[in-house]
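Trainee: The structure's right below; bear with me while I get my questions together.
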Amino acid sequence: MVENEHHQASAPAPPPPAVQQPLGSARGPAYPPAEQLLQLNYCIHSNPSWAQTAILAFQHYIVMLGSIVMIASLLVPRMGGGPGDKARVIQAVLFMSGLNTLLQALLGSRLPTVMGPSFAYILAVLSIINDFRDEDFSSEHERFLHTMRAIQGSLIISSFINMLLGFSKAWGEFTKLLSPLIVVPYICVVGLGLFGRGFPQLATCVEIGLPMLVFLVVLQQYMKRLHPAAHPILERFALLVCIGLIWAFAAILTAAGAYNNVGDATKRSCRTDRSFLMSSAPWIKIPYPFQWGTPIFRASHVFGMMGAALVTTVESTGTFIAASRFAGATPPPAHVLSRSIGLQGVSQLLDGIFGSIVGTNASVENVGLLALTHVGSRRVVQISTVFMFFFSIFGKFGALFASIPLPIFAAIYCVLYGLVAAVGVTYIQFTNNNSMRNIYIMGLSLFLGISIPQYFVANTDGNTGRGPVHSGGGWFDDILNTIFASAPMVALIVGTILDNTLDAHHTRDERGVPWWGPFQHKKGDSRNDEFYSFPLRINEYVAASFDENSKDELRTLLDGFHTTISHLNMVLLGMAKLTDWSARVCPNSVWVKVSCLKDQI
């Protein structure tokens with residue numbers, strides 16, 4: 001019986017076929033997509049101690065100061081201005097950077113981004129300078145003042161481009177066409193497109209710039225790993241330590257006579273006493289409206305500035321997206337981008353009124369500093385405006401830090417711009433990396449985003465600002481030369497056209513649209529309000545649409561404005577009392593000028 005059962009038993013089933021594992025699993029772990037960076041020490045809502053906050057805020061001030069000094073050093077001498085004019089321009093730009101940063105952090109993007117001067121306006125400003133080059137003026141200072149007035153007028157009129165795009169919500173609707181596939185090359189070239197301010201500027205004084213770059217990498221990345229106690233200190237404050245060491249080294253070389261017998265270009269780059277800012281800067285000076293005189297409005301100048309204003313819209317948007325990643329926030333929704341660009345237009349209007357030399361945009365280097373320190377706190381950036389206001393008013397103190405040699409800043413930019421470029425690559429995790437369509441779009445957008453602007457920059461006259469486009473219409477040439485000299489602008493144009501026309505409907509999942517789409521709507525993700533709502537319950541009074549404000553809410557808001565005006569009046573009365581005392585002690589003091597300005601208002 002057993003034998004019969006043995007013969008009747010079925011044969012054993014064959015083993016299941018082995019499932020071939022993908023190569024990635026065979027060789028190492030696969031990391032799932034992560035919406036937020038997990039190694040941040042402080043995100044947008046979390047704050048360090050007040051002592052650390054102050055030091056980190058001062059660090060943001062130092063980093064953004066380099067761009068201000070670069071722009072002023074490039075433009076003011078061409079306008080006929082001397083060291084004193086350059087010092088006052090730096091004060092005005094620094095003051096406006098503080099004001100614009102505070103407005104953006106409170107009412108605009110709400111991200112920890114510093115608003116600084118934009119290099120996109122340089123071609124337009126050089127064109128204005130060239131128009132007045134052959135005119136007769138009583139002095140070079142008079143030519144400087146006349147040029148500044150023309151720049152003021154152009155900034156004021158062109159600011160309405162940003163305000164129109166932002167407050168009409170047109171820019172927010174356009175950004176809904178973006179996808180993670182477009183964001184990858186777009187954010188990459190936000191950092192890579194600024195390579196000219198990195199090592200090329202560092203190499204103008206390699207004995208200062210190269211040690212700064214090496215020290216920063218070694219101290220901030222390697223030395224912090226030697227002891228657990230040193231890790232947080234060096235990670236957050238190594239930048240200031242390196243600046244102090246290399247600045248002292250440059251001062252020793254200058255005092256020892258190492259640059260006595262070199263060319264003028266080397267002296268300007270290496271010596272610590274060639275800026276003449278300390279001797280020419282005033283002790284106290286408060287920037288005030290139309291400080292250079294009545295603005296001059298000329299149509300040809302305005303159109304060139306309009307092209308630059310459009311470029312800053314694109315560049316700031318890319319910088320905001322990068323900042324949201326480093327701050328641990330969701331990508332900024334469309335309505336947030338609209339209001340931030342509209343407020344950037346208001347900032348440019350204020351730049352023209354208060355006499356800045358260029359318009360404003362989001363500072364890329366300060367976003368890189370968020371990544372370097374692993375601190376994305378909004379409070380840190382807000383406190384940094386205190387240093388901007390202080391050093392813009394007390395000129396001698398501000399001139400001390402503004403005299404740091406530019407190759408030191410260039411070495412810092414080599415690291416910070418690279419971090420911003422790298423964060424753009426992280427968005428590729430939300431797309432299909434193996435799609436040949438995606439590879440084609442990303443590759444072409446990235447390459448043309450670098451190649452086309454390089455052609456325009458290489459064929460632009462540095463003295464006149466004239467680019468390779470020569471159609472005969474000066475303002476039209478300025479617009480095209482400015483637009484195509486911007487790497488983020490070119491990458492955005494190419495990527496948006498290709499991604500939305502090459503089989504876009506059937507490749508939504510490959511493009512990452514299902515992940516990106518919800519963040520673009522105010523109620524699409526529950527975290528949007530957490531990160532981007534207005535402070536101090538202002539969001540309860542500012543509705544999504546203008547017709548949603550009730551009479552009671554409007555009355556409450558007006559009461560708040562009335563209280564603010566009352567407090568301001570008390571401050572002005574206090575200043576008036578101080579003015580009466582100051583007029584008796586020092587008739588030409590700044591308080592007397594403030595009182596005169598108050599009476600005019």
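Backbone N, Cα and C atoms are what each Cβ position is placed from, and that goes for glycine too.
According to TrEMBL, the feature region 'Disordered' maps to 1-28. Summarising the annotation, TrEMBL assigns transmembrane segment to 58-77, 89-108, 114-132, 153-171, 177-195, 202-222, 237-259, 380-402, 408-427, 439-458, 478-498.
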Trainee: Taking 3+ C-beta pairs under 8 angstroms (sequence gap of 6 or more) as contact, is the transmembrane segment (58-77) in contact with the transmembrane segment (202-222)?
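Mentor: Not in contact, no.
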Trainee: Are the transmembrane segment (114-132) and the transmembrane segment (237-259) close, by which I mean at least 3 Cβ pairs under 8 Å that are 6+ residues apart in sequence?
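Mentor: By the criterion, they do not touch.
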Trainee: Residues of the same chain, at least six outside the transmembrane segment (89-108), with any C-beta under 8 angstroms of its C-beta?
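Mentor: For the transmembrane segment (89-108), the list is 64-65, 68-69, 71-72, 76, 81, 114-117, 277, 281, 285, 287, 291, 339-340, 343-344, 346-347, 350-351, 354-358, 360, 362, 378, 381-382, 384-389, 391-393, 395, 398-399, 402, 534-535, 538.
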Trainee: What else in the chain is close to the transmembrane segment (177-195), if you only count residues 6 or more beyond its ends and a Cβ gap under 8 Å?
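Mentor: Same-chain residues near the transmembrane segment (177-195) but 6 or more away: 315, 318-319, 321-322, 364, 368, 413, 417-425, 427-428, 430-431, 438, 441-442, 445-446, 449-450, 453, 486-488, 490-492, 495-496, 499-500, 510-513, 515-516.
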